[in-house]
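Take a look at the structure below.
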Amino acid sequence: MSNFNRQIRLTSTMIRGLQYRYFTTIEGHRPTIVHKQGLDILHDPWFNKGTAFSMTERDRLELRGLLPPNVMSNEQQIERFMADLKRLEVQARDGPSDTNSLAKWRILNRLHDRNETMYYKVLIAKIEEYAPIVYTPTVGLVCQKYSGLFRRPRGMYFSAADRGEMMSMVYNWPAEQVDMIVVTDGSRILGLGDLGVQGIGIAIGKLDLYVAAAGINPQRVLPIMIDVGTNNEALLKDPLYLGLQQHRLDGEEYIAVIDEFMEAVFTRWPHVIVQFEDFQSKWAFKLLQRYRNSYRMFNDDVQGTAGVAIAGLLGAVRAQGRPMIDFPKQKIVVAGAGSAGIGVLNAARKTMARMLGNNELAFESAGSQFWVVDAKGLITEERENIDEDAKPFAKKTKEIGRQGLREGASLEEVVREVKPDVLLGLSAVGGLFSKEVLEALKGSTSTRPAIFAMSNPTTNAECTPEEAFSIVGENVIFASGSPFADVDLGNGHIGHCNQGNNMYLFPGIGLGVLLSGSRIVSDGMLQAAAECLAAYMTEEEVLKGVIYPSISSIRDITKQVAAAVITEAIEEDLAEGYREMDARELRKLNKEEILKHVEDNMWNPEYPTLIYKKD
C-alpha cells in the first residue's frame, strides 16, 4: 500500500501532464489516472487489459476475483487470440454470404470493442494478414453490410437533418484533443458506388491504419460520416437502412452542410487534420480546392492515390534499369478519368514538368505523354461536354490523327497504336484490361512494360497478375490496388505482384503534417512523400520487378515518409512545430534527428500502469 500512496501523492501539475501527455513513446511508461474501478474498467476498451492486469493492479483497481488468476503476458494474449480466431472463423459466419474474411473482421471488431490496446497489438504484429481485413478489400464488404453489422458507435454522424446544430454537436465527442479525422459522405466507396451512411466503415478502417502504421494515438482519432442522403435506390427502400432515406443533397445545399461541418470541427480542434475519403468525383476536386488553403486537410483519393501511383511509376522506370530522371520520356495510357485518375494525371504531369525544368514549356511537354480513356473512349478536344478537370489532358486532333487514332477510340486501339510504357488503370471496372488489350500491350516499345491495375476492391481490378504475366510476358511490371499473390512463372522465376496501396502514404502524410505543425498540406509535401516511397526500394529489388515494399515494413515506411513531409514543410517555411518542438527547434534538426523525433512521437500499444483516483 505504501507504493500506492507514493504514486497518488503526485502534484496536480504532474497529474495533468500524465492525463494529456502519456501518448508518446518517450512518455508511454508513465502511469495513467483513471476514475473507475472493477467491472467499469473491464467494460472500457481504452483501459481494459483483460488477463494482463498484474496482481498489484487487480488489488488497486478492485479486480481481484473478476478475472482468472493466471496473469498473461502480451505474447500469450496474442497467441490465445490467434488460436481463438482460427477456431471461430467459420463459426462466426452468419450465412453463405458471410465470407471467411468478413468473419475475421467480426472477430477483430469484437476484440476492438473490449480491449483497444490489445486490438492494435494484434493489428501491428500481424499487419500483413489483417490490413486486408480492416482495410481493402474486406472493408468494401463491411460497408455494403454495415447496417447489419453495426453494434456500438465508433465515430460521429453529421447529417443534413443536423443543419444549424453541428457547432454544438461536435462537443458531444468526449476527446478534448483530436489529431486526425477521416470523413466521407459515402457517395463513392471504393469502386462500389453510393453506400450512404454505411460508408463510415471506410473511415474507421483508414483510422485503424493511422494508429497501426503511423502511431497516431487511438484516443485522438475520429471517423466521421456526413449523411446528406443517398441515391442508392436499394438503400432508400431498405427498412433496416440506418441513414437518411432521402435523395442526396446537391448544389449549394450540399456545400452548406460541408461548410458547417468544417467550421465546427476546426473550431473545437483548431489543429486537427481532416482527410477526405471516397467523395464522388463531382465533389472531390471542388471541396479540395475550396478548403485546402485555409484548413489542414487533404483528399486521399485525389492526392494519396496520386502519390502512391507516382512512387510506382518512378519505381517502374528504375525497374527498366533507367534513372528516375527519365520519367518524362514514359508514354502512359490511363484508363479512368474520375477523381483518382485525374489526381494521378495532375501529379504525374507536375512531376515530369519539374524534372524538365519546371517552366511552361516543360509543363506543356509533360502533358503530351498521356492518353486518357474513359467510358466513352479516348478523350480528345473534340469531346462534347468535356469535364473541366479532364480538359487539360484531351489530345489534340492533329496529334492523334498522326497516330491513327480518333475521338472515342477504344482502349485496345489506343494501346495498340501508342505502344505505351505504362498501362494505368483507375477505372473501377473489373476486367477492363481484357485479353485483347493485354495482347496489344505486347507491342510496347518498352523492354519492361508496366501494368497498374489500381482499382479497389479486388473484384474491380482491371486485370489479375496471372493474366498480365501469361499474356504480356514475364518481363512485365505488375501492380494492383488490392492484394494479390505472387505468380509462379516456373523455372524458379516469380512474377511479383506489387500492391500500390494508399496505406504506404496517407499515414505518413498525416503524421508528418501533425508533427511539423504545417498550416496546410502543400503539393511539395505530397511530392516529397511520393519520392520518399519511390526511393525506399533497393536497386536489387526494383530490378527484380519489386517496386513497392512489404506491408510488414509499414511502420518504418511511415516514419520515413513523415520525416520527408516534415523536411519539406520546413523548407517551404510552413512548419510551426508541435508541442515542445517549436518551428525554431525543428529547423535545427538534421535528417537523423527528424527521424528520431518522428519515432519518439509514434504511439505504441503498451498497457500503461493505471492509478485510481476518485472524481
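Keep in mind that glycine also has a Cβ here, set from the backbone N, Cα and C atoms.
Taken from TrEMBL, the feature active site, proton donor covers TYR135. Look at TrEMBL and you will find ARG188, ASN456, ASN501 tagged as (S)-malate binding site. Look at TrEMBL and you will find GLU277, ASP278, ASP301 tagged as divalent metal cation binding site. The domain 'Malic enzyme N-terminal' feature in TrEMBL is assigned to 112-292. The domain 'Malic enzyme NAD-binding' annotation in TrEMBL covers 302-570.
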Hey, how far is ASP278 (divalent metal cation binding site) from ASN456 ((S)-malate binding site), Cα to Cα, in Å?
12
An 8 Å radius from the center of the GLU277, ASP278, ASP301 Cβ atoms defines the neighbourhood of the divalent metal cation site; name the other residues of that chain inside it, in order.
THR184, ARG188, ILE189, ILE202, PHE276, PHE279, ALA284, ASN299, ASP300
So among the binding-site residues GLU277, ASP278, ASP301, who's got the most Cβ atoms within 10 Å?
GLU277
Listing them in sequence order, which of the recorded positions TYR135, ARG188, ASN456, ASN501 have their Cα within 10 Å of that of GLU277 (divalent metal cation binding site)?
ARG188
Can you give me the Cα-Cα distance between ASN501 ((S)-malate binding site) and TYR135 (active site, proton donor) in Å, rounded to a whole number?
10
Nearest to TYR135 (active site, proton donor) by Cα, among ARG188, ASP301, ASN456 (binding-site residues)?
ASN456
Measuring Cα to Cα, how many angstrom lie between ARG188 ((S)-malate binding site) and ASP301 (divalent metal cation binding site)?
10
Sorry to bug you, but what's the C-alpha spacing from ASP301 (divalent metal cation binding site) to ASN456 ((S)-malate binding site), rounded to the closest Å?
11
Around TYR135 (active site, proton donor), how many other CB atoms lie within 10 A of its CB?
23
Could you please provide the mean pLDDT value for the domain 'Malic enzyme NAD-binding' (302-570)?
94
Taking 10 A as the limit, how many CB atoms besides its own sit near the CB of ASN501 ((S)-malate binding site)?
26
Other C-beta atoms that fall within 10 angstroms of the C-beta of ARG188 ((S)-malate binding site):
25
Let's check the environment of ASN456 ((S)-malate binding site): how many other CB atoms sit within 10 Å of its CB?
24
